[in-house]
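Below is the structure I would like to discuss, written out as structure tokens.
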Amino acid sequence: MAATASPQPLATEDADSENSSFYYYDYLDEVAFMLCRKDAVVSFGKVFLPVFYSLIFVLGLSGNLLLLMVLLRYVPRRRMVEIYLLNLAISNLLFLVTLPFWGISVAWHWVFGSFLCKMVSTLYTINFYSGIFFISCMSLDKYLEIVHAQPYHRLRTRAKSLLLATIVWAVSLAVSIPDMVFVQTHENPKGVWNCHADFGGHGTIWKLFLRFQQNLLGFLLPLLAMIFFYSRIGCVLVRLRPAGQGRALKIAAALVVAFFVLWFPYNLTLFLHTLLDLQVFGNCEVSQHLDYALQVTESIAFLHCCFSPILYAFSSHRFRQYLKAFLAAVLGWHLAPGTAQASLSSCSESSILTAQEEMTGMNDLGERQSENYPNKEDVGNKSA
């Protein structure tokens, strides 16, 4: 893809650079451009990217499908964090579905036609941003649940969480509008098709704008939000010293560190590519190195589909009990249908948290605080 969020096509050797990908380098001197060949970059990408995309697809699909099945089967009355986690799993799955298309496109060329070019690119961008936004929503939920459990508890209703989830999808859809409008197939050379955006005579401006948008909405603002929310949560945990405080602090730190490690290298590379296109610095050799870096760091960033759901889901004792119930049901069914139901019932009963249960993590502290302030919907249901 071009300057949208979609995976970047490999560099080519012609000088038609203004409307093409991040991998092109816009030289003022056309002679210098022609001397900057990127055959090695293209060869590397044709091997590395399809293999890495396939690995991410298999691992991410397995983990997110498991998460989705557990949430749908065992969490009929979902709290805010579980609604966000469910949407995160859906977002990741839709994101992962696009990777085989890009892998085939890199290894060969775009063979899926113009309609799928536009649709896959749009689907990619929507779920690229929605996945990051839902992670931020989960951080906000934990912040309200632990730091402001009493005064802001009315903000943490299922209706409001569904509303916020709808807003996230709407914003992500709006961000993908350039894909809907500009992305199309291009034949170059004859018989070889590529799928990327064509911005007409305003290619450079659009590329700079969309990269800035990606750095800001896709990394900087979510990172600052997570640092603020989890630092405040950490202060509360240190002050209250609940059981399991150490584990909860480690979970909070792990979530922030994981987001930074996965996304910072990619966003830094995008920023350096922007400076390169503006000719603030660089030459052909620098351009080649950044092309390699962009392929590698982009692939590392895509690992968030595999790691983020695991980190968030397994930070909750409640979810671990749900997972045990699910695995007991599946394994028990293959071993003995009669024992499967007993195992499922036993695990399901153990998944109910009580006031006497030990707090083992950050999510469990929030659950305990939530029990002290039942939300308005639950009170209405009980009174009815």
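Each residue, glycine too, has its Cβ placed from N, Cα and C.
Given the structure is predicted, the values throughout are model-derived calculations rather than measurements.
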Looking at Swiss-Prot, which one of Cys117, Cys284, Cys305 makes a disulfide with Cys195?
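Within the candidate set Cys117, Cys284, Cys305, Swiss-Prot assigns the bond with Cys195 to Cys117.
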Sharing a topological domain in Swiss-Prot means sharing a membrane side, so do Val41 and Arg158 qualify?
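Domain labels do not match for Val41 and Arg158 in Swiss-Prot.
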Which residue does Swiss-Prot record as N-linked glycosylation site, given the choices Asn19, Asn267?
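So the answer, going by Swiss-Prot, is Asn19.
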Taking helix as H, G and I and strand as E and B in DSSP, count the residues of the topological domain 'Extracellular' (114-118) in helix, strand and coil.
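Reading the DSSP string over the topological domain 'Extracellular' (114-118) gives 5 helix, 0 strand, 0 coil.
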DSSP on the topological domain 'Extracellular' (184-217): how many residues come out helix, how many strand, how many coil?
18 helix, 9 strand, 7 coil
Taking contact to mean 3 or more CB pairs closer than 8 A (sequence separation of 6 or more), are the transmembrane segment (294-314) and the transmembrane segment (218-238) in contact?
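They do not touch: fewer than three Cβ pairs between the two stretches lie under 8 Å.
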